[in-house]
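Step one of this worksheet: look at the structure below.
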Amino acid sequence: MIDKEDFGPITRSRRRATITSAKSETVKLRNGAIAAASDLKSGPKARGSVTKNVQLNEDSKQKCDRYDKMSCHKLQESMLSSASSFKNYRGILNWCVVMLVLSNARLFLENLLRNGILVDPIQVVSLFLKDPYSWPAACLVIVSNVFILVALYTERKLAMGSISEKVGLLIYIFNLTIILCFPMVVVLKLLSITPVGGAFALGVYTILFLKLYSYKDVNWWCRERTQAKARSLSRSLSCPSSPSASSAMQSHVSYPGNLSLRDIYYFVFAPTLCYELNFPRSESIRMGFLLRRLFEMTYFISNVLSIVFQWMVPIIRSSMKPLQEMDYSRMTERLLRLAVPNHLIWLIFFYWFFHSSMNFVAELLRFGDREFYRDWWNSETITYFWQNWNIPVHKWCLRHFYKPLLRRGAGKLLSQSAVFFASAFFHEYLVSVPLRMFRLWAFMGMMAQLPLAWFVARFLRGNYGNAAVWLSLIIGQPITVLMYVHDYYVTHCQDDPTIAEAL
């Protein structure tokens, strides 16, 4: 007989193993790890415990989801930080506009209370005319048609082979030189031409010089292609081989069918400096667009004249004495006061000329290429600003000056310096000749852009570079204006007691 007590240790060990396995099963079911591995053959009590554990697991998940929804923190940057992806600053821009309007309204009201109304229509007319029966600047502009006809006649003779390329080049050199020298001599010798009228006439002749230079180059490229088809010419935008797809109504013109009065005068009036045989054309003239641009032209030019007479003239008059006495503190104060209206005029003039006026002319002529400017206000370098604020001039310099220099073996730095030098020459030409004095302030201001461009590109990036560009525009121009006004007063007005007393 075997005693029951002999089975005692074995029974107790089996009971411990059963209890331990049950506990581990419960823990696993609570964690949701092996809920699907439960034994379905175990009794209804075991199945009930499994269901209860699954329900507990779902409840814990819902609590975790609820906790995640209640969480108020996550990894993110501040909106005004540069690392943030936020870019909608329209509200801040509107705030800046409101503050600018309010501050300028206060200054305008203060100016009216101090000086009264200074805008006089007779003074506005006197800027352009000294004698209402004599319009010398307008006559000078009319005479420019002679140089246009000379260019057309020369191209026709070259196309027919009546004259050689060397003779044609000499005629062009003579014609283009006279275009620059003839109006300069007339403005300097004819005292009845006012500074504003002289600047307008010289601006017209400068634009004509650039247009006829492009006219000469493109026609020469077309003759070169016709005479030597075997040579491949890598010149963009010259002598296109297929008609523009933008206008089905336009007939394709090929060389020498472009040598007509209609073609050259269309180019003379078109808002571009680079000649093409076939310009992109719009489908029709939009009268609503045309009237809006006309209203803007009238409104903004009246604003410019009002700011000049009402705001700038009093500041300039009060700046003469500090300039003569070399009072640097008062000179700085006058400079900062002049910077605001001067920059405001510059911005208004930019919109008036490059957007309103050029779009008006382009719409009237159905000229299709309306890219007259790019986003120069985002410039982070001086070079980017000069490449994007005046696209017609930039395209002309790139096509007819910069790239030809590179093809002749000049380096990039030398070519860029040459472009800045030419731009500085024309800036001085358009300022010094109408004022009848040569001080080279505009020339030096343009040439100073070279070291400034190097400094900004090397040491300033991003927002700092953009701030440097804006600072050069806001401060640089008033300095040049004050220098020319002071020198003009010393040269022409100091001996006049009435003008000296007014200043």
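Glycine is no exception: its Cβ is also placed from the backbone N, Cα and C atoms.
Curation plays no part in TrEMBL annotations; they are all automatic predictions.
Remember, predicted model here, so these are calculated numbers, not experimental data.
HIS427 (active site) counts 18 other C-beta atoms within 10 Å of its own C-beta, drawing on all protein chains shown. Annotation source TrEMBL lists active site at HIS427.
Among the features that TrEMBL reports, transmembrane segment is placed at 133-155 (among others). Nonlocal intrachain contacts for the transmembrane segment (133-155), taken as residues 6+ away from its ends with a CB within less than 8 angstroms of a stretch CB, comprise 163, 168, 171-172, 175, 178-179, 182-183, 186-187, 190, 192-194, 197-198, 200-201, 204-205, 208, 212, 215-216, 219, 256, 259, 261, 264-265, 268.
Marked as transmembrane segment by TrEMBL: 167-187 (among others).
Taken from TrEMBL, the feature transmembrane segment covers 193-213 (among others).
Feature annotation from TrEMBL assigns transmembrane segment to 294-316 (among others).
Per TrEMBL, transmembrane segment is recorded for 336-354 (among others). Counting residues 6+ beyond its ends, the transmembrane segment (336-354) has Cβ neighbours under 8 Å at 104, 107, 296-297, 300-301, 303-304, 307-308, 311-312, 315-316, 319, 372-373, 389-390, 473-475, 477-478, 481-482 in the same chain.
Summarising the annotation, TrEMBL assigns transmembrane segment to 413-432 (among others).
Packing against the transmembrane segment (438-460) from elsewhere in the chain are residues 380-383, 386, 416-417, 420-421, 423-425, 427-428, 430-432, 468-469, 472, 476, 479-480, 483-484, 487: each is 6 or more residues past its ends and has a CB under 8 Å from a CB in it. Per TrEMBL, the feature transmembrane segment maps to 438-460 (among others).
Residues or ranges marked as transmembrane segment in TrEMBL: 467-485 (among others).
Sequence-distant contacts of the transmembrane segment (193-213), counting only residues of its own chain at least 6 positions beyond either end whose CB sits under 8 Å from a CB of the stretch, comprise 126-130, 136-137, 140-141, 144, 147-148, 151, 172, 175-176, 179-180, 182-184, 186-187, 267-268, 273, 275, 393, 396, 400, 426, 429-431, 433-436. Using a Cβ-Cβ cut-off under 8 Å and counting only residues 6 or more beyond its ends in the same chain, the transmembrane segment (413-432) has close neighbours at 180, 184, 199, 202-203, 206, 383, 386, 393, 397, 401-402, 405-406, 438-447, 449-450, 484.
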